[in-house]
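Scroll down for the structure; my scribbles are underneath it.
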């Protein structure tokens with residue numbers, strides 16, 4: 001179908017963030033790699049070098065970049081994949097009406113204009129990053145990640161601060177490609193990188209690396225379109241998402257996903273069960289292993305980087321949820337529970353798990369083992385159903401590892417603060433330190449409309465305790481499908497949580513940006529304050545609501561305190577006077593009864 005004829009080519013947000021430019025650091029082992037980072041320039045009066053930060057926005061934030069959504073992004077990794085000599089191109093499966101929910105005519109989203117033959121592993125080969133790591137091979141993806149995780153640390157080594165409690169995580173001062181290989185080989189980290197998604201920039205998920213965040217997008221049977229979902233993906237990447245999950249449940253799932261993957265610099269995850277359910281017209285009881293298997297291959301050929309598989313929902317666990325306040329809240333979990341009860345047999349996901357591993361191994365699709373029995377209310381947190389499923393996920397992890405498949409484990413959910421650490425400790429023990437990937441958790445149930453905050457609290461805590469990736473929650477959680485603005489709010493909230501966790505864990509480069517912003521704040525460099533923040537646009541707009549003039553951008557006060565009550569301005573005055581008179585003279589002055597301090601013995605006791 002001619003995409004131009006229907007005039008629906010989406011437009012997406014492009015252009016650099018304020019005072020920022022993209023820089024690239026080359027590889028040593030693989031000199032052809034170029035690792036992107038964002039350099040934030042500071043005002044000349046600061047006397048400070050630019051601040052380098054992690055950047056996952058792809059080409060969309062390059063000044064003057066020629067972005068053509070109908071052409072997709074450059075296939076960054078394709079030559080790396082082909083050079084290994086263990087893959088082959090093949091015809092692949094044909095798109096069928098059920099792949100797009102039987103949409104037709106004007107309701108059918110057009111196919112992506114340029115499709116290439118998919119790749120798969122040659123017979124007997126494992127093309128996963130785990131297989132390469134176990135064989136002692138440092139892939140270009142691994143070196144790319146090592147450079148990316150260092151955040152330019154070689155140049156900033158003297159300014160690094162090590163301060164925190166890591167709860168057993170071992171974050172090195174300098175990440176090497178060999179360290180990345182070792183962590184992947186041990187199963188403590190994954191590199192979600194399907195051989196059919198060469199547009200994605202390599203990233204890593206593991207507790208000995210920076211805490212990552214995921215943003216969920218996707219249409220529903222009620223609302224949204226391909227153009228909106230592609231823009232949501234780009235928008236999420238712009239504000240700092242590390243991966244995106246396409247959780248579409250309506251029509252056009254196949255074609256929308258193709259547009260997203262071809263334009264995504266981020267790994268893309270899915271829940272294949274959702275599309276499989278659409279193929280049987282939404283009737284859970286009609287699901288079969290054959291339909292599900294076909295869906296896995298379909299999505300793997302497109303380039304999905306990780307699958308959420310709810311294989312831990314077993315028939316004999318379902319009665320454990322009967323007395324819960326909120327039952328089974330996972331969509332995938334409830335679908336499989338309904339199927340198991342109707343057929344009164346074990347889940348086909350559990351029974352065919354080794355075959356699922358064989359498919360994932362063929363394309364290097366990572367597992368995200370789903371928590372289908374996660375608690376949906378704090379009353380249900382840490383119950384028998386939740387932890388029974390976790391034990392099964394630990395068993396499945398060992399099976400996947402034996403097949404050279406990469407694995408992370410999904411976690412809750414709704415958990416009050418005092419029960420969060422138990423989740424992390426159990427997961428590490430039961431799942432062999434496979435990376436933990438949690439939805440929040442939400443720490444209270446009383447705040448619909450503010451669940452990005454209730455969950456951000458839990459996310460910061462569990463990230464500190466060792467969770468490797470945090471799945472964002474938006475203000476629309478429990479209320480509706482997030483729009484573009486909700487996506488940004490969710491991403492920024494979770495960037496805060498992830499960064500707070502990195503600080504608490506003692507990540508050596510985490511505090512550099514905080515300190516740079518604090519110095520800018522103390523020195524009243526307003527533009528630097530805005531530009532160093534996670535959301536420069538919002539910071540600037542809040543300031544300008546009350547002090548909009550350009551002259552206010554150099555003022556030594558804000559509208560909160562005004563010029564006479566600004567604590568930082570008073571601190572400057574104290575410093576200036578101290579430098580003028582000398583600290584000792586100042587101390588003597590105060591001891592003699594200065595205007596700031598009163599001797600303790602001069603204070604009259606209270607009458608009571």
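Glycine is no exception: its Cβ is also placed from the backbone N, Cα and C atoms.
Listed features, source Swiss-Prot:
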BINDING   216, 245, 274, 310, 330, 331, 332, 371, 372, 373, 374, 410, 437  substrate binding site
BINDING   414, 478  Zn(2+) binding site
BINDING   558, 561, 566  [4Fe-4S] cluster binding site
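Cα of residue 372 (substrate binding site) to Cα of residue 414 (Zn(2+) binding site): a distance of 13 Å.
Residue pairs drawn from 216, 245, 274, 310, 330, 331, 332, 371, 372, 373, 374, 410, 437, the listed substrate binders, are separated by up to 20 Å at the Cα level.
Each of the binding-site residues 274, 437 was scored by how many other Cβ atoms lie within 10 Å of its Cβ, and the smallest score goes to 274. Here residue 478 (Zn(2+) binding site) is compared against the binding-site residues 330, 374, 437, and the shortest C-alpha distance is to 330. Rounded to a whole number, the distance between the Cα atoms of residue 414 (Zn(2+) binding site) and residue 330 (substrate binding site) is 12 Å. Comparing residue 437 (substrate binding site) with residue 414 (Zn(2+) binding site), their Cα atoms are 14 Å apart once rounded. Just so you know, the Cβ of residue 330 (substrate binding site) picks up 24 other Cβ atoms within 10 Å once every protein chain is counted.
Distance noted between the C-alpha atoms of residue 216 (substrate binding site) and residue 414 (Zn(2+) binding site) is 18 Å. Counted within 10 Å of its Cβ, the other Cβ atoms near residue 216 (substrate binding site) come to 22, all protein chains included. Among the binding-site residues 374, 414, 478, the residue whose Cβ has the fewest other Cβ atoms within 10 Å is 478. Each of the binding-site residues 332, 372 was scored by the number of other CB atoms within 10 A of its CB, and the lowest score belongs to 332. Note: the CA-CA distance between residue 274 (substrate binding site) and residue 414 (Zn(2+) binding site) rounds to 23 Å.
The separation of residue 414 (Zn(2+) binding site) from residue 332 (substrate binding site), Cα to Cα, is 17 Å.
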